[in-house]
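Q: Input: one structure, supplied below.
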Amino acid sequence: MAKEECVTQRNKIMDTSTMRNRKNIPVFEKHQTIHNATQCSGSNADTAGGETPSRVFLPLVVGFSFSTRLYKIAEPPHVCWDETHFGKMGSYYINRTFFFDVHPPLGKMLIGLAGYMTGYDGTFPFIKPGDKYEDHNYWGMRGFCAVLGSFLPIFAYLIVLELSRSHMAALITATLLIFDTGCITISQYILLDPILMFFIMAAVLSMVKFNQPFTVPWWLWLVLTGVNLAGALGVKFVGLFVILLVGLNTVSDLWRLLGELSLSLADIAKHLLARVIGLILLPLFLYVTIFGIHFVVLNRSGPGDGFFSSAFQSRLIGNNLHNASMPEYLAYGSTITIKNLRIAGGYLHSHWHLYPEGVGARQQQVTAYLHKDYNNLWLVHRQDENSSHSDVPDLVRHGDIIRLEHKETTRNLHSHLHEAPLTKKHFQVSGYGINGTGDANDLWQVEVCGGRKGDLVKVLRSKVRFLHRATGCVLYSSGKTLPKWGWEQVEVTCSPYLKETPSSQWNIEDHINPKLPNISLSVLKPHFLEILLESHIVMLRGNSGLKPKDNEMNSKPWHWPINYQGLRFSGVNDTEYRVYLLGNPVVWWMNLGSLGLYFVMVAVASVTLQRGLSLEHSRILKSGGGLLLLGWLLHYAPFYTMGRVLYYHHYFPAMLFSSMLTGITLDILLKSTDLLLRPPYSDWLQSLGQIGLLLTVLFSFYLFHPLAYGMTGPLAHDPGSTMAGLKWMDSWEF
């Protein structure tokens, strides 16, 4: 930039009459303004060296980041914490075996691909934490996660450099993340977290980089932003938070462009269209493509079958419904199985065992069973006869009243006003009668959801409810597990609450009737959009069903910023190799203090601005710092509204934004020493503060690094322990 342009830019920023009249400064400023302003008014330390700091600092950041993450990557040589889930799921992809998980598939697909590319054959069972890997090649999956985790400090360095134009702010940020024990630990194992955070940080970096409209780099960064947004959402639904961040930044950017009178409406329309294509249509296409690949690869029957509908299962090789044939419409005299539509709702089931004394009427148990079994078979009868004697049986229609006879025990599906075993406001469902002979409490009205009187019941596809004629309740799978007397199967009740829910909806799966022509189930297979929608419904229900269990290690959101409690990854005693997920307390408490300091500094800058003055770095503090503060809030505050079980590791995406905000805040604080002292004393104080800050982080890492790289021997409360005296909070468990 020419000298005259710098002078003009500085005068523009410092114009007191303009500052006096400007009441509000947006959180999001176009980053090019920051570029121009900071190139002229940036710190002496940064501008004096030109490109030298980047040539020195960035290679250092890359080297330390990769070395700290890849160090001891094969230790311990056994399954740690959630590796039992995500390592197993990587194996399922290698074996093409269908499974169910509450998260979208991209992270597990990449883990499976990394294992396959590094020689892992998918045969290790991943049964429980502590299982030895022996000769199985697990380092490739761990190494892949560690490499992605190594990019986090690098991305953070580049983001802060872009927002602040301060190499020192970027270096402080990178140092905080490189030497944080928590970030190291969560990057070194077969987990989704490093993959998720890689895409989040890559999306933010791409977002702050596209700032020179309609140039080749601008299009590149715009497209990369969309790609990374799809990646973040494709790993976990938490990726929605970074999508919201980019969306708000985009809206602010378009609003600013609308105020630039030099741009025509056609130019603004081009900006809008480019962002719609790059930030909405492209991520949506890629996200759907991820699921398309997921469904193509996992084409074999596996442990996830039972979570999905019968129609979904018919597309899986090895499932009993695959390439099967059966009558298309339900008829009287048919033998059927009936599957509940809630997650883990099970098949309608009965057996010879009775309900115990004191549990409703002492009649035959009716439950929901999660596996295919002969005791899941039921016969469909009219309300007034045992079977149809016609050569061509009548079809069952919406509104018909039927009786269901259990094939093995010949007792009818029955309900009455006795309370259910576990769900006390519901009625008991039992098996009653002998050889199909019972009473009026055995009658059920068939209701096709969304149907009209006379509509037929289609196998696999129709959602059906069974309304009990005598009491008016509806057949219901509560999802609750019965005690041992119920063989730990799922409770079936009759619910007086008639609202349509998956728990009260069923479908006909197996259908046997020799008097009816069979059709191939391939004609009933759902199309791609149907299975895509169903998979999302199942994932969202699964997420909402993750409730805290007794004695389970979960935490509350207010615990996280204060580093209140970590997570035990491996080992519990002095003879085992112990790894404990806990953030470097100096780093985390520095982040927490910097949040408060940031608000104080913004308040001071606002007061001085209102008085007609402008502190040198106030624009960076408000625009760049405001963006990072919003990122932290979006990745942290929503957890206070969630009812699902929460863990400490859920805070790490927010911690990245907090650390970047700390880098900018502390850098500006140190550069503000010239308000107290004159040069060269202010420069000396600034350098002393920077060196002291970096050395403090390095020393704290030296103290706490065994948490990440493993500990053996006495526990921390023992004077002979390597961690003796470092248990600064009683809630830490190392």
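Cβ from N, Cα, C; glycine included.
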Q: Can you check which of 139-160, 161-182 TrEMBL lists as transmembrane segment?
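A: Spelled out, TrEMBL records transmembrane segment over residues 139-160, not the other listed ranges.
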Q: Given the model, what does the mean pLDDT over the domain 'MIR' (393-449) come out as?
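A: That stretch averages a pLDDT of 93.
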Q: Using a Cβ cut-off of under 8 Å, list the residues of the same chain at least 6 residues beyond the transmembrane segment (586-608) that approach it.
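A: For the transmembrane segment (586-608), the sequence-distant neighbours (Cβ-Cβ under 8 Å, at least 6 residues beyond its ends) are 176, 179-180, 182, 561-563, 614-615, 618, 621-622, 625, 629, 632, 655, 658-659, 661-662, 665-666, 668-669, 696-697, 700.
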Q: Based on DSSP, tally up the residues of the domain 'MIR' (327-383) by helix, strand and coil.
A: 3 helix, 27 strand, 27 coil
Q: What are the DSSP helix/strand/coil residue counts across the domain 'MIR' (454-511)?
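A: Tallied per class, the domain 'MIR' (454-511) gives 6 helix, 27 strand, 25 coil.
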